[in-house]
Amino acid sequence: MICAISGEVPDEPVVSKKSGLLFERRLVERYIEDHGKCPVTKEELTMDDIVAVKTNKVVKPRQLQAASIPGLLGMFQNEWDAIMLSSFALEQQLHTARQELSHALYQHDAACRVIARLKKERDEARALLAQAERQIPASMAGAAPTAVVSNGKRAFEDEVGPDGKKIRPGINPVMIDELTECNTMLSAHRKKRQVPPTLASIDAIERYTQISSHPLHKTNKPGILSMDIHPSKDIIATGGIDTNAVLFDRPSGQILCTLTGHSKKITSLKFVPRDELFVTGSADKTVKIWQGSEEGNYNCIHTLKDHTAEVEAVTVHATQKYFVTASKDNTWCFYDIPSGSCLTQVGESSGQEGYTSASFHPDGLILGTGTTEAVVKIWDVKTQSNVAKFEGHVGPVTAMSFSENGYFLATAALDGVKLWDLRKLRNFRTISPYDSDTPTNSVEFDFSGSYLAVGGSDTRVYQVANVKLEWNLVKTLPDLSGTGKVTNVKFGTDAKYIAVGSMDRNLRIFGLPGEDDQMDDAKPSEE
């Protein structure tokens, strides 16, 4: 028989009528006097509920004075009893604390699950809201024309805040997640990418010569200022001083259509292949989005009027859902393509500095811009913050191009081409192909990142190397326009040909003689 309080064999055992537990009489009596409850079950307990258990009596020594050994032993016994009661109380408190802690941990875990579910529902709601915002402008265009302004944007976007600036919806977290996911996917794919076996060899490029010339623009206003090539259809688009954009089918040698609508020269244009869209930027301060049809025609679906000065550059994000425009008003705008809405406008519309060129990094989270003050700025697209500045050019930065390996940036200005290492944020090579009075107007990496084309008073093709090795000149293509100014250079698929625009009205194709004989007899209609 063991006491339920002390864990020792009791001298005077007693049993509780209610719980049936065994106690030392003196311990349980003291506990009942203090608390009136059973020390174990916490039920109400009185002295009448205690029944003595009859056992063989142990002869106890007589009580002696404290000075005697038996007296001291009695005092020690009393102290021991008090310690036992205190220890038991502490054990009970520890058990209660453990139960409360377990309950609190369960509540915390349940709260975390609820928060996670609410976050998921919030993100889903934001995604649905963003999708609805993209669909509303198209659905409301016919039903409620008063809700849409003439430039194709939602009416609230023209509201002005307290600081005098237009209110923009901004790049929401769902879009940022989309940009980040695209970046992750492209970065992983790039590490596995290899140079295609169909890429034109250096020996082939050394034998390039002009194989065709096509008068695409008006005679009274010659000059091709911008160019882009459709990646899958081999269609070349050119924008000219004559305010027209011309879409030219290279294999057939025929003009597909001429887009009119701008009032001044077209400074930049880009294809958006995913939805058969086409974007043009002009010196008339506007940007137009064109929708292609099955018949091959393009119709303007949005005219964007967010800039207050000439639009100098248009660049399309890798998702093909967004694009950026850069202007001489010292701002760049981030647009949603389906709705044609300006999500954010970065910069100040004041000061003498303006943007003259812009390009997205292949992975899409970095934007490069060139200014009239010879400065190259690198932006974080997610936060729209300027994360780096490259200085050292002379004159406006007329063009820029990121290499497909994601490591190099080439920029062009009056002093030639500078190559920047994005990993160390430094200039590692300068190519000066022309004299100090001849600006470099165009610079372009091919899609594989193996060649770099430079346009100025002629067209030059360099073999891409690394930071330490020399970038060798492969081929120099003369300017056959007679103007001495090459404005645009673009590589065709696998660098099988090079398209060149100059300050005359002709688009010139350079490649291997004999490969495009079918184009020689094709004469596009002249305006």
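Heads up, the Cβ atoms here are built off N, Cα and C, so glycines get one too.
The domain 'U-box' feature in TrEMBL is assigned to 1-70.
Feature annotation from TrEMBL assigns repeat 'WD' to 259-291 (among others). When Cβ-Cβ distances below 8 Å are used as the criterion, the repeat 'WD' (259-291) is approached by residues 151-152, 223, 225-233, 235, 237-247, 298-316, 320, 323, 325, 327, 335, 337-338, 340 of the same chain, each at least six residues removed from its ends.
Mapped onto DSSP helix, strand and coil, the repeat 'WD' (304-345) counts 0 helix, 24 strand, 18 coil. Taken from TrEMBL, the feature repeat 'WD' applies to 304-345 (among others).
For 348-389 (among others), the entry in TrEMBL reads repeat 'WD'. Here the repeat 'WD' (348-389) has long-range neighbours at 171, 176, 179-180, 182-183, 186-187, 190, 308-309, 312-319, 324-332, 334, 395-404, 406, 409, 411, 413, 420, 422, 425, meaning same-chain residues at least 6 beyond its ends whose C-beta is under 8 angstroms from one of its own.
Across the repeat 'WD' (390-430), the model assigns an average pLDDT of 92. Per TrEMBL, repeat 'WD' is recorded for 390-430 (among others).
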Surrounding residues of the repeat 'WD' (304-345) on its own chain - C-beta under 8 Å, 6+ positions past either end: 133-134, 136-138, 151-154, 157, 165-166, 168-171, 175, 178-179, 182, 186, 264, 267-275, 277, 279-283, 285-289, 351, 353-360, 362-364, 367, 369, 372, 379, 381, 384
How do the residues of the repeat 'WD' (259-291) split into helix, strand and coil according to DSSP? 3 helix, 19 strand, 11 coil
